[in-house]
């Protein structure tokens, strides 16, 4: 066992002495040491219940013959951090989480690892760490929130509240209606109830083979979630005994499986960033072009909020993630021989899964679209690619040619949109919000929700080198690479320029002459921004482009 390095032999008497002070007995020194990375925190609704949840995991580990060691991990609530300077810290927190989990695991030579995340950056951050340390790992998240309902019974969620803000500014709803939505949208603990970033990542963990069936869809308040915690605690001890490590499960083919599921279920566009980052940590090269290749052959089988009225509880009742995977396997779209934490292949694991509601999960014969819910666009405006959640775009605006209205920050954009600078037919451009330029690649949920709330969702497109919340819907193209701060062409767009967005043909073009394009690029000098935070200055210096997963470069030059 790895942990023998800190507990065996005469030289380790001081180490054992310290461990005895933690409550260990003599018999514990012959057992596997299992780390539990717990992201319990009081200010994130997806995490408020994780303290008790971790106790279930710990007890199951003890019963299975392991010694559990729980440690804490930070977290940021993207919804609460949204629309102000707090969002600068959201994506950077992913790197802090990865570094901190790696630090604890390696410093204490743990034999196995249970990850207990739930919300946006915490899930990928923990998985990135697991890819680095490469020990037996199982992820068991806290589960989704139940959908809310207005007084008249309409299903709602957090995205509804953001859009209601735009609605009240436009005069489409009154304050009483806003209060009704606000007070009913988030009724329980858990990760926000649609196919937003947190739930997307927790679902993808099933396709990666590192989570148990039901991890993505069983509600936080469902008694089955506690059973999942017990099973995870027992199973991690078996994984350690079997020596089945993270990279034994996750390889190039597994990442392809995850992207295939992601595209079929209409996952958040943020998942592209996170899966690319996880790939990097696992030593896997995964170009953006490969994602588009998968998207072109993968049908959209599922549309949950914000793309429809369905929520995670509906997906769970319809058969969950395994039902989607089983359907995809019928078209030979998956690598079925990849192992999982169940110690059986993904093909064996999904063998008995079935769709129980074809309104929520459509069969292959009746997909929402023949191609995928995520699309990667290329063109002179995004030579290294851009990402759009095509499943959440109104069909009327899948192809859009419009005039640019340019903003150099999210705050400028919100002010401009609410003050009427954006008209029907415009293409809103928000730049200097990329990984370096933000810094931190803020989510543009407030501008997009304002556009939707004002009734412009099928009349206006938005392009940014920032990113979007999983709750975003509409023609919102993010992750434009290279970003403006790195000298990308998005930095040369001027008010009134014509832009073509063609999602079916994967194009994004600035419609100016080649000579004018070259002249502007030659003269372009990216704006420099004052960054008061020492941490964010370091982040801005070392972070890479969105098409590389916005990971931190380990080159110190």
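Any Cβ shown, glycine's included, is placed from N, Cα and C.
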From 443, 483, 498, 509, grab the residue that Swiss-Prot records in the same Mg(2+) site as 78, 120, 121.
443
Quick check: of the recorded positions listed here (78, 443, 469), which one has the Cα closest to that of residue 119 ([2Fe-2S] cluster binding site)?
78
Taking just the CA atoms, what is the gap between residue 443 (Mg(2+) binding site) and residue 469 (active site, proton acceptor) in Å?
5
At the level of the C-alpha atoms, what whole-angstrom distance separates residue 120 (Mg(2+) binding site) and residue 469 (active site, proton acceptor)?
9
